[in-house]
Structures are given as C-alpha cells and as structure tokens.
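Sharing a structure below in structure tokens format, with a few things to ask.
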Amino acid sequence: MAMQMQLEANADTSVEEESFGPQPISRLEQCGINANDVKKLEEAGFHTVEAVAYAPKKELISIKGISEAKADKILTEAAKLVPMGFTTATEFHQRRSEIIQITTGSKELDKLLQGGIETGSITEMFGEFRTGKTQICHTLAVTCQLPIDRGGGEGKAMYIDTEGTFRPERLLAVAERYGLSGSDVLDNVAYARGFNTDHQTQLLYQASAMMVESRYALLIVDSATALYRTDYSGRGELSARQMHLARFLRMLLRLADEFGVAVVITNQVVAQVDGAAMFAADPKKPIGGNIIAHASTTRLYLRKGRGETRICKIYDSPCLPEAEAMFAINADGVGDAKD
C-alpha cells in the first residue's frame, strides 16, 4: 500500500514537472495529432504547444497542408495542455509574486522599478542618443546570467542589434564587476544583427527555436524601431509600417508569454513640429505611435543629466507610480550616480 502511494506521488510530481514551463510541440503527437502535421507546424515556426494554443485559427490554416478541420483539432488538443481559461485573482496574484526581476546594475533604478526589469513582459526604453539605452542593454545582458539571489535570471541573453552598436568589450567589463568569467558570459549571449524589418521579424522565429533548446532569461532588441524608419517612408506607407510593427511586437509578447523571458526594446524619439510642441515641456515623443505604446507593459523615458548621469522616468506602467531616478554610466556598466 505504501509502495503504491509512493508510485502515485512520483507520478504526480512527474506530471507537475512536465507541465512547468513551455512544452515541446512533439507533445501534440501523444494527443493524436499526426506526426507530419506536427512537423509542418514546426517548419512554420511553432516550436511549443503554447505557441500553437496562443495562435489564431487563420494563422494555422495559412500553413500548407493544414485544413480547417485539422486546425480545429490541433487547437482543441493544444487548449487541453495549456491553461487558458479563467482563474481567480488570488491564483494570479500568487503567480505574479513568483515573477523574477533582473537588476539593472543601479540600486536607484532597481528601486524605481520595484526590483528591476520584469520577466514575462515587454519593457520599452526611449530617449535621445547618449541617454544610456544601449548601456542598460549591455549591463542587463550580463546581470540576467547572475543567480536569482543576486538579482539575476539564471539564464542566457539574446541580443538583436539593428544599429550596429553591440560591443562585447562592454560585456567583459560588466562581467569583471560581478566576478563572472568573461568567456562564459560571452558564450551565454546569442547575438544577431538585424538588416531590415523582415529579417528582424525572421530572427524572432529563430529565437523561438533556440529558447526551446536552452534557458534564456532576456531578449533585447536595440533598436526595435530604427529599421522601420528607413524601410518605410512617408505617410503613404504609414499603414503598412504600423501593421508590420504590430506583428513584430505581437511576436515579442508571445515569446514573453511562452518562455517567461524579459523582453527589453529600445525606441527612438522624434521632435514634435505641430502647434502642441510650443506648449509642451519636452517636445520629443517616442516613435511607433499607439501600437508600440499598447504593446509595451512598462515604458521608461531616459534623458541626460549632468556629466555622466542620466535620469530615468516611469512614462507608463500598470503598477509603478510615475517617478524618476538618477543613474550613471560607468566603465563597468550602469551604476548609481555619485553625489
């Protein structure tokens, strides 16, 4: 009897272990989905059961060889494996309390963000040039590898660079500050240069496949909007640009939901030239319009302070109060400003 109870307990824990984290798409085969259909899904960029469950039906039907009936069956089976219904606010609150936050390297900045950069959501940083956007990204690429009790995420970092500003030397300097092996830190950062908006989107499909294979804690896109400013020009292409940008941001949000990674994107600003600019305290606004504003969970506005100091302001957040913090850009990454 005791032996039977032990076996049942072991079975329970194995079920719990399996349901924790993203589930490989091969699990759909155990639910009666044809292996060839699963292969077609994988070739189309779906690497987890969650990715399938979160996808709209028309996206599955657009895959060659997947009929409407097959799409219905696939979605039904995926929904059984992924909890997508209602839950109590108590349960959701419990899940929120388990969210990991990644340190920025500055105690003041972490205090402003109530712990650091939140995993499982999109954080947008925008500001002029030389305000510290890329420097925060470089620091985060190292701190996300730290143990959780040191403010890290115990995972690798993925860095999509669209402006050619990624510098491994900066990572080595930050690694030395935290007592980490420089070669290990560099090995744990997957880097890709984005050359156009279609390529930038294609890189997210590769990112999804890599996140299934290994544990990533952070995905950086620096900058998310730079290529959209060059690939699309004029008001005639504005609608196409915004649709493409919305798809890209939706994919980022899906990766944050699926894998629980912290997604950090940087954004540029544009000067307002309309009549309202005369009365605005700061006539600069982030580009991307409402689409990027709605996609980002937390928006941070960075501006220059005196010397090497920078000021970060909570521009928009569902739970953080509007406030400011000062930080500095040092030789070994982002840190606190000296009085």
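Backbone N, Cα and C atoms are what each Cβ position is placed from, and that goes for glycine too.
What Swiss-Prot shows for this protein is this:
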- Gly127, Glu128, Phe129, Arg130, Thr131, Gly132, Lys133, Thr134: ATP binding site (BINDING)
- Lys58: ubiquitin cross-link (CROSSLNK)
- Lys64: ubiquitin cross-link (CROSSLNK)
- 48-77: domain 'HhH' (DOMAIN)
- Ala2: N-acetylalanine (MOD_RES)
- Thr13: phosphothreonine (MOD_RES)
- Ser14: phosphoserine (MOD_RES)
- Tyr54: phosphotyrosine (MOD_RES)
- Thr309: phosphothreonine (MOD_RES)
- 184-257: region 'Interaction with PALB2' (REGION)
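Relative to the rest of the structure, where do these features sit?
Annotation for Gly127 (ATP binding site): same-chain Cβ neighbours under 8 Å, separated by at least 6 residues, are Lys133, Val269, Tyr301, Leu302, Arg303.
According to DSSP, Lys58 (ubiquitin cross-link) is assigned to a helical segment.
Less than 8 angstroms from the CB of Lys64 (ubiquitin cross-link) sit Lys40, each of them six or more residues away in the same chain.
Residues 22-25, 27-28, 31-33, 36-37, 40-41, 84, 208, 212, 254, 257-258 of the same chain lie 6 or more positions beyond the ends of the domain 'HhH' (48-77) yet place their CB under 8 Å from a CB of it.
The local packing around Tyr54 (phosphotyrosine), expressed as other Cβ atoms within 10 Å of its Cβ over all shown chains, amounts to 18.
Within the same chain, the residues at least 6 positions away from Thr309 (phosphothreonine) whose Cβ sits under 8 Å from its Cβ are Met326, Phe327, Ala328, Ala337, listed in sequence order.
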Let me know the DSSP-derived helix, strand or coil state of Lys133 (ATP binding site), please.
helix
For the ATP site (Gly127, Glu128, Phe129, Arg130, Thr131, Gly132, Lys133, Thr134), what does the 8 A shell look like? I mean other same-chain residues with CB within 8 A of the CB centroid.
Leu302, Lys304, Arg310
Given the binding-site residues Glu128, Phe129, Arg130, Thr131, Gly132, tell me which ones have a C-alpha lying within 10 Å of the C-alpha of Tyr54 (phosphotyrosine).
none
Among all the protein chains here, how many other CB atoms are within 10 A of the CB of Lys133 (ATP binding site)?
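So the number of other Cβ atoms within 10 Å of Lys133 (ATP binding site) is 24.
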Under DSSP, the region 'Interaction with PALB2' (184-257) has how many residues in helix, strand and coil?
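Across the region 'Interaction with PALB2' (184-257), DSSP assigns the residues as follows: 50 helix, 12 strand, 12 coil.
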Any idea what the Cα distance is from Thr131 (ATP binding site) over to Lys58 (ubiquitin cross-link), rounded to a whole Å?
42
